[in-house]
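Only one structure is covered here, and it is reproduced in the block below.
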Amino acid sequence: MEPSKLFTMSDNATFAPGPVINAADKKTFRTCFRILVLSVQAVTLILVIVTLGELVRMINDQGLSNQLSSIADKIRESATMIASAVGVMNQVIHGVTVSLPLQIEGNQNQLLSTLATICTGKKQVSNCSTNIPLVNDLRFINGINKFIIEDYATHDFSIGHPLNMPSFIPTATSPNGCTRIPSFSLGKTHWCYTHNVINANCKDHTSSNQYISMGILVQTASGYPMFKTLKIQYLSDGLNRKSCSIATVPDGCAMYCYVSTQLETDDYAGSSPPTQKLTLLFYNDTVTERTISPTGLEGNWATLVPGVGSGIYFENKLIFPAYGGVLPNSSLGVKSAREFFRPVNPYNPCSGPQQDLDQRALRSYFPSYFSNRRVQSAFLVCAWNQILVTNCELVVPSNNQTLMGAEGRVLLINNRLLYYQRSTSWWPYELLYEISFTFTNSGQSSVNMSWIPIYSFTRPGSGNCSGENVCPTACVSGVYLDPWPLTPYSHQSGINRNFYFTGALLNSSTTRVNPTLYVSALNNLKVLAPYGNQGLFASYTTTTCFQDTGDASVYCVYIMELASNIVGEFQILPVLTRLTIT
């Protein structure tokens with residue numbers, strides 16, 4: 001064994017230390033070792049941290065995935081439930097809005113037909129109140145107050161020759177007699193009609209009586225309809241009823257009139273409105289008449305006048321058109337003081353500064369002819385279930401939506417409400433609005449008006465308000481010429497031009513002459529059919545159309561005031577024609 005390099009032995013037996021490692025070298029070695037150990041520990045720690053982080057991430061990802069999967073499952077379950085609920089709701093909506101109304105209408109028609117069948121026979125053995133039931137022929141029931149055309153397509157029209165039928169409107173019987181102001185309403189079960197019989201020529205502020213009739217549509221042997229009169233009432237009680245409007249109601253007719261023996265201009269100059277009358281006539285010969293004072297009348301109106309055109313029975317309410325003069329310092333007068341509506345014909349606009357035109361439009365509501373009263377349109381609304389106590393209110397539209405108040409008519413077609421307003425002020429074209437009411441159990445009801453832009457023809461007018469004038473100015477002119485819409489109006493762009501309506505116009509810009517049957521679109525007349533000789537004097541016209549659902553024939557009755565050279569100044573004539581649509 002090699003001797004130790006650390007120690008050596010000498011001869012004198014003493015020990016001496018051998019070579020020794022340097023202390024500095026040992027310190028460096030320890031430092032390197034520590035650095036190495038720390039590095040290994042650091043790397044190990046980092047690896048542990050990274051590994052733990054990755055494990056945590058994987059665990060979290062798995063949990064999130066599970067959560068997302070759970071949420072997705074719940075969403076799919078909810079979507080399935082919603083789809084099922086939507087399907088049920090669609091079935092309910094279709095049932096309520098389509099199937100049920102059709103079923104009810106079918107049952108109603110069947111019931112009416114059954115009643116018409118059983119209510120026949122001799123009066124002694126009949127179980128009905130009268131020999132003939134107040135029910136239109138079944139062929140017409142489902143074609144009344146319906147839009148004839150609903151496809152918005154382009155159509156052509158032809159108006160047939162007047163059909164020869166007995167007139168349901170009696171004429172005057174003396175040279176100085178006068179029958180004027182016809183009002184006609186056709187309901188699903190029956191029709192109602194009225195006109196004024198003036199005793200001294202056509203001065204309606206003197207003395208007059210009121211003729212009222214009700215009847216049904218029947219089919220003649222020739223195949224076309226006839227207006228069969230079943231009941232007549234002649235109100236000759238000394239009251240000078242004026243401007244009466246009629247409406248068909250369950251089992252009878254309702255009529256709204258006002259009573260006055262002074263000039264219309266004097267009514268506007270006063271401060272207290274004339275007497276308002278509501279008359280109910282039923283098929284069992286019951287006649288009930290009440291003086292009414294609708295909410296909003298006293299203190300607001302100098303005068304209130306029925307609209308002449310027919311009213312409607314709608315949602316258990318009786319609605320009539322009206323208009324009149326508003327007192328300037330009344331709450332209604334103050335509220336509407338700055339309101340005005342100025343329509344514009346884009347094909348024939350009025351030139352001038354807009355501010356000036358607006359001021360002129362505002363002034364047009366205050367004609368000096370009517371003592372500078374604001375002339376305002378309104379609606380008389382009466383709750384039918386309280387009709388015997390005449391619980392009525394006046395619902396006043398905003399003048400920001402309507403022109404100056406005038407005569408008018410309320411139409412109910414396919415459950416849509418429309419309002420015709422006579423063009424009495426400066427606007428020369430037909431005025432037709434879609435309207436919607438908001439009725440309240442307490443407080444003031446309201447109405448919204450949406451103007452239908454018609455520019456196809458003008459009414460005759462005098463002075464600055466002839467049929468050629470399109471600029472705002474104050475005047476009282478024009479003539480009552482109500483239209484009958486054949487199609488619903490749509491606000492959808494591009495199809496409004498296919499809105500069609502028919503009526504009888506007076507083909508002159510200044511004179512009430514040349515009665516002419518027509519069919520019109522918004523911007524152009526489709527067909528014209530003059531009635532009588534050129535220059536024939538005429539006045540008010542009112543039109544109603546219906547369909548024979550048995551053979552799909554369309555009929556229109558144009559009721560016109562025509563000049564008479566034999567008996568009286570006017571003869572009211574119902575002209576029945578067949579309307580062909582292709």
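A Cβ is built for glycine as well, from the same backbone N, Cα and C atoms used for every other residue.
Partner cysteine of Cys202, as given in Swiss-Prot, is Cys178 (from among Cys178, Cys192, disulfide bond).
Residues 240-245 are the range that Swiss-Prot records as region 'Involved in neuraminidase activity', among 120-125, 240-245, 510-515.
Per Swiss-Prot, Cys556 makes its disulfide bond with Cys545 among Cys475, Cys545.
Out of Cys253, Cys257, Cys465, Cys471, the record in Swiss-Prot bonds Cys350 through a disulfide to Cys471.
Out of Cys192, Cys257, the record in Swiss-Prot bonds Cys253 through a disulfide to Cys192. Checked against Asn464 (N-linked glycosylation site), the recorded positions Glu407, Asn507, Tyr540 differ in C-alpha distance, with Asn507 being the nearest. When the C-alpha distances from Asn284 (N-linked glycosylation site) to the recorded positions Cys257, Glu264, Glu407, Asn448 are tabulated, the minimum falls on Cys257. Within 10 Å of Lys242 (site 'Binding to the glycan motifs of the host receptor'), as judged by C-alpha distances, the recorded positions found are Cys257; the full candidate list was Cys257, Arg422, Cys465.
The average pLDDT computed over the region 'Involved in neuraminidase activity' (240-245) stands at 97. Each residue contributes its Cα atom, and for Cys556 (disulfide bond) and Cys192 (disulfide bond) these two points are 16 Å apart.
Across the structure, Cys257 (disulfide bond) and Asn400 (N-linked glycosylation site) are spaced 27 Å apart at their Cα atoms. Here the C-alpha separation of Arg422 (site 'Binding to the glycan motifs of the host receptor') and Arg512 (site 'Binding to the glycan motifs of the host receptor') works out to 14 Å. For Cys465 (disulfide bond), the nearest of the recorded positions by C-alpha distance turns out to be Asn507; the candidates were Cys192, Cys244, Asn329, Asn448, Asn507.
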